[in-house]
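Data block below; observations after.
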Amino acid sequence: MQNLDVDVTVTILTNFLREEETDGSMPWLAQTPPPQKRLNSGHTGTQRLEKMGINGKIGESDIERVAVLDFGAQYGKVIDRRVREANVLSEMFPLKTKAKDILSKGRFKAVIISGGPNSVYEEGAPQLDNEIFNCGLPVLGICYGFQLMNKGHGGSVAKEKVREDGQCTVRLNTSCDLFQGLNENEQVLLTHGDSVTEQTVAPGFEVIAMSGGHVAVCGEGATSESSESRFSFRKGIACSAKRLYGVQFHPEVDLTTSGRKIFNNFLFRIAECSGGYTLRNREQICIDEIQQTVGDKKALVLVSGGVDSSVCAALLNRALGRQRVTAIHIDNGFMRKNESDHVVKSLKAIDLPVHRECAGLTFMLGTVSGKPGDGDPLDRTVDPEVKRQIIGNTFIRVKDRVMEDLKLKKEEYFLAQGTLRPDLIESASELASGHADTIKTHHNDTALVRELRALGRVIEPLKDFHKDEVRELGRCLGLPEELVDRQPFPGPGLAIRIICAQKPHICSDFGTTHQCLNVLTNLPRQPTTPLESDCREKMLAALSGWEISELLSQPFTVYSTFSYSYVAALSTTHTTIPWQLLSRYATVIPKLLHNINRVVYVFGGAVLYPITTITPTYLNGFTVKALQEADHLATEVLHGRKIDGSRDPDLEDISKKVQQMPVVMVPIHFDRPPNEVNSYKRSFVLRPFITADFMTGLAAIPGKDIPEKSVLEMAHRITNHVKGTSRVMIDLTSKPPGTTEWE
């Protein structure tokens with residue numbers, strides 16, 4: 001590993017909406033995760049799930065299925081997807097669902113218990129009906145579900161000082177039915193701070209997976225002896241006699257490389273499912289549901305030009321005919337450069353005429369309630385959650401106005417949306433669990449939409465599909481590849497890719513985070529204080545096997561919709577960028593410092609001055625236009641094109657290597673001498689992201705996953721062609737811990 005002899009300076013700029021108090025202790029010793037928002041949404045229960053339309057469709061009553069008990073895991077929707085991609089129907093249930101209620105519905109072949117953000121010993125931690133384990137159905141417990149399984153059978157769980165977050169290697173007992181066909185050593189994703197050890201495994205359970213000391217899976221009636229006993233932490237347990245299996249890791253995500261095999265083993269080898277829930281019969285189920293729901297009325301569909309709304313429109317077209325489908329494209333002012341022109345053109349190509357409504361000013365001045373003066377308008381709003389609510393509600397109001405202009409009678413129309421299953425699960429996760437971490441409110445699932453849904457006036461034909469399934473359905477419906485393969489673009493558009501802020505806030509953990517990051521980026525140097533010495537000792541122990549060199553580190557913070565976290569921005573004086581080392585730092589920094597959830601590299605040489613202020617930033621014509629241009633320039637490079645749009649022979653087309661690449665504006669002015677001038681420039685972040693399911697994935701690393709030349713060209717074009725640009729950065733954070741979008 002290259003050693004960089006560079007002095008290190010660390011400062012922290014907070015870009016929070018409010019201060020989040022901490023006790024000033026070392027961030028990696030925190031006993032609970034960072035504070036997280038909860039959905040505030042009235043009553044819960046299975047009935048709410050049914051009202052949301054998450055479970056059950058016309059024509060599905062006789063199909064075998066698997067019950068997923070959702071404990072608020074951010075990956076609950078991925079578990080759901082993994083089951084369905086195996087052609088098995090899954091249904092989501094609240095955590096308190098009784099075993100007898102599942103059995104009474106019939107046709108259930110198995111139960112899967114999701115992970116969750118809680119500790120099993122935390123006050124008010126979610127529990128489940130222990131009869132689930134005695135109901136005769138096979139059970140797979142994942143992460144928190146694994147810990148509940150162990151605790152419910154007389155075992156216990158230990159709190160660890162250092163969390164395990166990220167890819168790790170586990171050792172499997174491949175003679176276990178759950179791991180048939182896998183290698184003895186497999187890469188898996190771990191996200192936990194509690195563990196089961198050899199001493200705390202429930203009596204009669206067999207250890208079937210281990211990593212460095214933690215149990216991964218166990219089963220009843222067997223023992224773990226000899227060479228396995230040197231692992232103190234277990235990653236799984238199983239009771240083969242009762243068909244109970246638990247894994248500490250997440251087999252549902254792509255970062256667990258053989259996760260699909262594990263699910264297939266559970267579904268087909270253990271639960272004996274038949275796998276008859278295919279895409280073709282699901283398409284017909286959708287068409288039948290549309291026809292029966294809409295009856296002799298019509299459908300109004302809002303099309304953004306993205307994959308979801310386009311497939312939704314095509315499905316409605318097939319079910320009802322074009323004479324009964326009205327498509328409206330609302331330009332909210334936050335589309336990508338020339339996006340609306342492309343939208344109308346592409347939809348006309350599939351014989352779907354579109355009414356285009358330009359409503360940028362309406363959105364800019366919009367409020368949550370829609371009443372002027374009732375709360376800040378969008379162009380003065382900094383909270384990303386409020387931005388989403390304003391945009392979602394304004395969409396509905398503009399839709400109503402357009403219907404009046406077109407003389408369309410509301411009572412004759414259903415509102416059709418391209419809402420996907422993950423959108424509903426994500427927005428309604430507390431409905432499913434009561435203990436969910438809110439990731440975001442989806443713009444298709446605001447209060448106004450829920451009111452319409454409660455009145456039975458919303459139809460969401462894709463609510464049973466995940467993103468990759470929608471693409472395949474689009475192909476079945478005859479949509480062109482260039483439309484089906486488009487990169488995802490958020491419904492609120494660029495509005496959530498502009499990090500808005502009025503002023504910086506310094507949080508109480510500033511000092512400890514500063515010192516810890518300083519120590520981490522200067523491990524070869526001797527500590528000068530007792531705190532640094534203690535910090536260094538713990539880090540060296542946790543980093544056993546890593547070769548750590550020095551980098552110049554410059555952290556700052558952004559507001560995240562589900563936590564308050566810092567971003568560590570790394571820079572160096574070296575002309576050769578050490579991507580391998582940066583990638584390692586991007587993995588290890590969030591692992592050790594839990595209040596840092598992103599690591600970026602700053603192009604343009606070492607950052608010399610501390611950052612203590614921000615550039616006040618709101619949604620307005622200037623910021624939107626600047627981001628549109630930056631996004632366009634980066635996208636042209638992504639496709640291997642020159643600025644004028646022609647093919648660039650010196651650039652590779654890497655659009656197939658990167659599944660999504662948000663470009664984000666942040667209110668940071670680098671290279672500003674302190675007390676010399678006010679902060680007035682802004683910076684941009686490139687987020688090239690590699691994923692198969694858009695739920696988890698890896699940051700694309702230059703020189704490894706994508707050509708370094710491409711990202712350097714992106715940074716060069718943005719810096720030189722977008723007025724007011726300070727620096728360009730690249731996000732090196734995988735998901736988890738970082739989300740795909742910054743807001």
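One is the number of the first residue shown, and numbering goes on along the chain from there.
Cβ coordinates come from backbone N, Cα and C, glycine included.
What TrEMBL records for 23-44 is region 'Disordered'.
Annotation comment: TrEMBL describes 277-486 as domain 'GMPS ATP-PPase'.
The 10 Å shell around the Cβ of V307 (ATP binding site) contains 24 further Cβ atoms across the protein chains shown. What TrEMBL lists as ATP binding site is S304, G305, G306, V307, D308, S309, S310.
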- Can you tell me the three-state DSSP label for S304 (ATP binding site)? coil
- Task: Starting from the Cβ centroid of S304, G305, G306, V307, D308, S309, S310, which together make up the recorded ATP site, report each further residue of the same chain whose Cβ lies within 8 Å of that point, ordered by sequence.
- Result: V303, V311, C312, G418, R486, F489
- Can you check which residues sit near G305 (ATP binding site), meaning Cβ under 8 Å from its Cβ, same chain, 6 or more apart in sequence, and list them in order? H329, E339, S340, H342, V343, V344, S346, L347
- Around the Cβ of D308 (ATP binding site), how many other Cβ atoms lie within 10 Å? Please give the count over every shown protein chain. 24
- Residues satisfying Cβ distance under 8 Å from S310 (ATP binding site), sequence separation of at least 6: V303, S346, L347, I350, G418, G474, L479, L483
- S309 (ATP binding site) - helix vs strand vs coil (DSSP): helix
